[in-house]
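Encoded as structure tokens, the structure appears first; notes follow it.
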Amino acid sequence: MGSYGISKVTLYVLNTVYVILGLAIAAASIWFFCQVNEFTTLRNSNHYLLDYTVYWPQAVPWIFFIVALMVIGVSACGFSSARKKSRGMITVFVTAQSIAILCLLAAAIVALVFADNKSTDDFVKDTVWDVYFQAKADNDVATSFGLIERKLHCCGADSPRDYKNWKNEFPMSCCDTYYHGFLDAYTIDCEFTNKLANERHGCSTVAAQYARIAIKVLSGATIFTAIIGMMSLGVAVALSKSIAKRRRAQALKNESESKKVLL
């Protein structure tokens, strides 16, 4: 297998990895958006009637989703350029890939610089506190907040002791409701002396930490995708040169054959 064949196979492999990473980033950004939306939909809507600000935890998923779609589109162009053996298609792919790499790196830098900081913590804390106060008066919100407490293994807004001022005991969402063993399941006492509930962090702290981790993971995946894109960019340039060499060799061969016929 010559340099042309090696470059073509390598480009196929890199584009396959590239599109898989793009799909993974798109799926992760949708998941991140759903997690943020799960909190924001429970807030008191009257507090946000005139608030049109888009906060970073709300914007970051869309940024990563857009660059993921760009990655998927560029990888499709890469597959086509490798299959059609056209220098023109490869040139289009190289141009699109260069733009995609810049967008990937820009998205990661923006997320790490502007989103992975105290502004995200403040947004999450304000949102959780708003939901917590809503839960006091709205049973539906209280049920939804309880599901969040179970999922994140947290209790209260800032700490488990938030419930002490207005409840006689912790809600069951702060405790493990059942132990499953050889015996039948049974309900756990969830009073304010419950050790497990008191050891839990507040949901604002836990949710903020998970938001920071999600931003870091998405940024890291985006940077890694950009590196794969750079590798495919180099292979595409090598493939373009190989095609040019093959065409020159074919042209010289045709020219020599035509001269033999004339002789």
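Each position is counted from 1, following the chain as shown.
Even glycines carry a Cβ here, placed using N, Cα and C.
The disulfide partner of C174, as annotated in TrEMBL and taken from the candidates C155, C190, is C155.
When Cβ-Cβ distances under 8 Å to the transmembrane segment (91-115) are tallied for each of 12-33, 59-79, 217-239, the top count falls to 217-239.
Within 10 Å of its Cβ, the residue among the disulfide-bonded residues C155, C174 with the fewest other Cβ atoms is C174.
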